[in-house]
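Structure first, commentary second.
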Amino acid sequence: MKNDNQTLKRTMTSRHIMMMALGGAIGAGLFKGSSSAIDVAGPSVIIAYLLGGIILLFIMQGLAEMAVRNRNARTFRDLVQQVLGNYAAYFLDWIYWKMWVLNIAAEAVVAAIFIQYWLPGCPIWVLALGISLIVTIVNLLSVKIFAETEYWLAMIKITVIIIFIILGLLLLFVSFGDHTASGFSNLTDHGGFFPHGGTGLITAMLVVIYSYGGTEIIGVTLAETKNPEKVVPKAVRSTLTRIVAFYLLPFFIIVSLIPWNQVNSVPESPFVMVFKMVGIPGADHIMNAVILLAIISSMNSGLYGSSRILYTQASDGRLPKVFSKLSSKNVPMFAILMCTSSLYIGVLISLFAGSQTFNYLMGSLGYTVLFIWLIIGFAHLKSRKQQTETPAYYVKWFPYTTWFAIVALLAILIGVIMTTSIVITGITAAIYLLITVAYLVKGRKHQ
């Protein structure tokens, strides 16, 4: 164990950060949550993901601008604290930590569900436990090993989604064998493009925002990234490409090929359903394996992000110093182990709730991403007032883009509160209240 004076090293390169930005949001929200989004919105889910993607782009641009102006920032907590104060930074830190620890717990269960495709008789909790142990070990080895693992897992995800798009377009436009080109009739049949009206679209936004959550993890890598002032803006510029390639096109293909009201009637991911339609032997197994890797990749990133939040809090004296201690591999070992506890809580919940565990956790996570993006948006607005010179990277259409994102997020938040289960809303509100009380009782002492 190294002494307390050791700090995190800048070992992640541009290619690591670029791939984390590209693949960071490709996880359970896309592959498993997609069924829920389509079920409530129908074909209009395409509009929901387009709107969510535009909001994401504007928020990420603001994050990149703030990162460029403050090269010494370790995470986006430091960026927010400078402009919005101690409480906002404290609140952001803990809801972001809560988001990731619940997310990795949810994704451990989802990964187990996909493994059950091959091992239907094996209990979910056993499979979730095995996956949790693997992800823990990868994060404990070293930052370089984590970054390389994440790089190749993200590469696999991206490659397969590209293959999915190509095969999906062939199914839409080309007839072969027993398959007849599907066309676009499913977009308007079965109740129309908006089968549940505007309510369905608004309800789907919670899943959409959750699906996009994770992209902002590049704001947690600042202390371990070489030249973050150059790398982060470069990663953000790829956001629009990611939105179109990894969300809009796949969802357009899914709701065009499969009647929207049949997507949630089977336990399989709609991505696996499309691969089955191709008729290639074993195609569904290949897609299932790739989805499994994608979810493990997202868990990997989540454990990284949540452990760095604990490390930063401990380094600043807000948590016990043990969480700031680094191992011989220069990773915050105790912070990682603390965060893995959520994985095993997820395993315990799955022992009783089974496959429904993911749905229970996803609603609260959607709320959290909304609040995280709102805080980043408000921080960007205020940071411009403190700016004395134009940074190397800046948002050209400021403040219109940032205000659009904030107003849209507030509208979505109101709509989601009105359409989401009161249980999920109540639990989330209770967690936020607990964080606020903790700050008032204890957090102020360390400011």
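For all residues, glycine too, the Cβ spot is worked out from N, Cα and C.
These figures come from a predicted structure and were not determined experimentally.
Residues or ranges marked as transmembrane segment in Swiss-Prot: 17-37, 40-60, 95-115, 118-138, 154-174, 200-220, 243-263, 289-311, 333-353, 361-381, 393-415, 419-441.
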Stretch-level contact, the transmembrane segment (154-174) and the transmembrane segment (419-441), CB cutoff 8 A, at least 3 pairs: no
Stretch-level contact, the transmembrane segment (361-381) and the transmembrane segment (118-138), CB cutoff 8 A, at least 3 pairs: no
Stretch with greatest number of CB pairs under 8 Å, the transmembrane segment (393-415) reference, 40-60, 95-115, 118-138 candidates: 40-60
For the transmembrane segment (289-311): best-contacting stretch of 40-60, 118-138, 419-441, by Cβ pairs under 8 Å: 118-138
Positions whose Cβ lies under 8 angstroms from the transmembrane segment (419-441), at least six residues beyond its ends: 87, 90-91, 94-95, 98, 199, 202-203, 206, 360, 363-364, 367-368, 371
